[in-house]
């Protein structure tokens, strides 16, 4: 399992998460950041520093943002 960046990131794109990620698995997209699920080590460092609380462990993404799990995976299939 990995962490997922959800809707609150859109329009904010604060790079605090990128700066603290020890494995550089967070990538910038057009509208938000994305976490590479194949590289994420589940350390949670990104979740703690997100100023808009947009980052959740995949198992705990709120129901209204569950679609971001697939959106995140699809970003890395390109």
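Even glycines carry a Cβ here, placed using N, Cα and C.
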Matching residue for the [3Fe-4S] cluster site, where Swiss-Prot names 9, 50 - out of 17, 40: 17
Long-range environment of the domain '4Fe-4S ferredoxin-type 2' (31-60) - Cβ separation under 8 angstroms, sequence gap at least 6: 1-25, 69, 72-73, 75-76
Packing count at residue 17 ([3Fe-4S] cluster binding site) (other Cβ atoms within 10 Å of its Cβ): 24
Chain residues in Cβ proximity to the domain '4Fe-4S ferredoxin-type 1' (2-29) (below 8 Å; excluding those fewer than six residues from its ends, i.e. six or more beyond): 35-37, 39-58, 61-62, 65, 68-69, 72, 75-76
Residue among binding-site residues 40, 43, 46 with Cα closest to the Cα of residue 17 ([3Fe-4S] cluster binding site): 46
Cβ-based isolation winner (fewest other Cβ atoms within 10 Å) among the binding-site residues 40, 43: 43
